[in-house]
Amino acid sequence: MEILCEDNTSLSSIPNSLMQVDGDSGLYRNDFNSRDANSSDASNWTIDGENRTNLSFEGYLPPTCLSILHLQEKNWSALLTAVVIILTIAGNILVIMAVSLEKKLQNATNYFLMSLAIADMLLGFLVMPVSMLTILYGYRWPLPSKLCAVWIYLDVLFSTASIMHLCAISLDRYVAIQNPIHHSRFNSRTKAFLKIIAVWTISVGVSMPIPVFGLQDDSKVFKQGSCLLADDNFVLIGSFVAFFIPLTIMVITYFLTIKSLQKEATLCVSDLSTRAKLASFSFLPQSSLSSEKLFQRSIHREPGSYTGRRTMQSISNEQKACKVLGIVFFLFVVMWCPFFITNIMAVICKESCNEHVIGALLNVFVWIGYLSSAVNPLVYTLFNKTYRSAFSRYIQCQYKENRKPLQLILVNTIPALAYKSSQLQAGQNKDSKEDAEPTDNDCSMVTLGKQQSEETCTDNINTVNEKVSCV
């Protein structure tokens, strides 16, 4: 079977020659003139360890054919990475729309999640496609060399922003549990946006040295024709500052938050049981108390019980939110830890470790880390009803929640029913007043209150002039 290349020329009809792949530029060139080569010549692969790879075999393979064969071998990898890119961009756009349009989701934690979705979406737009392109070109940089430092800068920026957002969310939840009054007072939308700006500022500061030094010295961002960080000091410092230190803070504050929630729930349950015992305790039987005292006691009892129910509800909501955030934290740590651990191992055991194995692991682990940006919207969909309903409506191009017809029927019918019942009751009262005759027992028939009975008795005494005691 012949492979046809450019200009419809088959491999068997082209003479042999010796091709050289330049390791610095990634370009192909001929070392021999095709006129001097015999069609029966054949030679073998020879590899120069530093800069070039000499390629020759039976049947001359021009550069375009080599590229086509190389791309065909990478089709499956490109397909998988393309699926990850599409899921990342589409899912995070849905998260941004949900927080922007749904009033139920407009709080401090969801603002952080929206900013996190923006970072993940930009990672899918600007970083992942270029990384997929390097896979197709055998992990060699196919773009101008000046763009390498910019691409690494964006990669580090958005990855650092993701871990910083999760760290800030963990700290914010812990402060909200420990000091809810202070947190609710200073947790306005403006304060939340200021915190988000601080997170992005820290992320920019951590990643800014890459373009500053990389644009001046290509050796810091190029290694054997591949675009990657070649400065060991920056790899070590950047890994700890951008990942391990925020990770430690995030894990500690998250477990402290869970512990505080359990303590609050225990105290709330004990407080509710104490209130119930005090409310049911009385020296006198309930039948011996007047209706006025019973009414006052019930009024004093209800606010406390309502407050207890509201506290339990808020604790339950916090526990559900911490569960969702805990899943997000766990997935982020599991997916990014292999890359950063391997990255540090590549620096520490540079001489003892196999460089090719470490490089292959890093190429796989970085895409596992990218996958965490696509997983977050799926977590929100599975564990949050508001996100789930919003996503389903947005996919159907319905950007506003439709009100249920039952609610409209209730609003329209209840006032009419209330009006009819009030008119009927008024008519019955009027008929009863017309049929009633004044007797001596008019004073004893009044049961609506002491003041009203006294006024009715006074009117009857003035009109009838009977000697009836109304006390």
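Keep in mind that glycine also has a Cβ here, set from the backbone N, Cα and C atoms.
Annotation source Swiss-Prot lists topological domain 'Extracellular' at 1-80 (among others).
Positions annotated as N-linked glycosylation site by Swiss-Prot, on the basis of sequence analysis: Asn8 (among others).
The annotation N-linked glycosylation site is assigned in Swiss-Prot to Asn38 (among others).
The feature N-linked glycosylation site is assigned by Swiss-Prot to Asn44 (among others).
The annotation N-linked glycosylation site is assigned in Swiss-Prot to Asn51 (among others).
As annotated by Swiss-Prot, N-linked glycosylation site applies to Asn54 (among others).
The transmembrane segment annotation in Swiss-Prot covers 81-97 (among others) and rests on similarity to another entry.
The feature topological domain 'Cytoplasmic' is assigned by Swiss-Prot to 98-111 (among others). Per-residue confidence over the topological domain 'Cytoplasmic' (98-111) averages 90 (mean pLDDT, predicted model).
According to Swiss-Prot, the feature transmembrane segment maps to 112-137 (among others), an assignment based on similarity to another entry. For the transmembrane segment (112-137), the residues of the chain that approach it from at least six positions outside its boundaries are 26, 70-71, 74, 77-78, 81-82, 84-85, 88-89, 92-93, 95-96, 99-100, 143, 151, 154-155, 158-159, 161-162, 165-166, 168-169, 172, 192, 195-196, 199-200, 226-227, 363, 366-367, 370, 373-374, 376-377, 380, judged by C-beta separation under 8 angstroms.
Summarising the annotation, Swiss-Prot assigns topological domain 'Extracellular' to 138-146 (among others).
Swiss-Prot lists 147-171 (among others) with the feature transmembrane segment, giving similarity to another entry as the kind of evidence. Sequence-distant contacts of the transmembrane segment (147-171) (same chain, six or more residues past either end, CB-CB distance under 8 Å): 109, 112-113, 115-116, 119-120, 122-123, 126-127, 130-131, 141, 195-196, 198-200, 202-204, 206-208, 210-211, 214-215, 218, 221-222, 227-229, 238, 242-243, 246-247, 249-250, 253-254, 257, 325, 328-329, 332, 336, 369, 372-373.
Under the three-state DSSP scheme, Cys227 (disulfide bond) falls in the strand class. Under the heading disulfide bond, Swiss-Prot lists Cys148-Cys227 (among others).
As annotated by Swiss-Prot, serotonin binding site applies to Asp155, Asn343, with the evidence given as similarity to another entry. Counted within 10 Å of its Cβ, the other Cβ atoms near Asp155 (serotonin binding site) come to 24, all protein chains included.
What Swiss-Prot lists as topological domain 'Cytoplasmic' is 172-191 (among others), and the listing cites similarity to another entry.
The list of residues near the transmembrane segment (192-215) in space but at least 6 beyond its ends in sequence, with Cβ under 8 angstroms from a Cβ of it, reads 108, 111-112, 115, 146, 148-150, 152-153, 156-158, 160-161, 164-165, 168, 172, 221, 229, 231, 234, 238, 241-242. Swiss-Prot lists 192-215 (among others) with the feature transmembrane segment.
Tertiary proximity for the topological domain 'Extracellular' (216-232) is limited to same-chain residues at least six positions away from its ends with a CB under 8 Å from its CB atoms, namely 23-24, 26, 134, 139-141, 145, 148-149, 151-152, 210, 238, 347, 350. Per Swiss-Prot, topological domain 'Extracellular' is recorded for 216-232 (among others), and the stated evidence type is similarity to another entry.
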Contacting positions for the transmembrane segment (323-348) when only residues 6+ beyond its ends and CB under 8 Å are counted: 109, 159, 162-163, 166, 169-170, 173, 232, 235-236, 239, 243-244, 247, 250-251, 254, 258, 355, 358-359, 361-362, 365-366, 368-369, 371-372, 375-376, 379-380, 383-384
Sequence-distant neighbours of Asn343 (serotonin binding site) in its chain (C-beta under 8 A, six or more apart): Val235, Ser239, Leu362
Using Cα positions only, nearest of the recorded positions to Cys353 (disulfide bond) (Cys148, Asp155, Cys227): Cys227
Cβ-Cβ neighbours of Cys148 (disulfide bond) (radius 10 Å): 23
Cα-to-Cα gap, Cys349 (disulfide bond) vs Cys148 (disulfide bond), nearest whole Å: 26
Intrachain residues whose Cβ lies under 8 Å of the topological domain 'Extracellular' (349-356), provided they are six or more past its termini: 232
In three-state DSSP terms, the structure that Asp155 (serotonin binding site) belongs to: helix
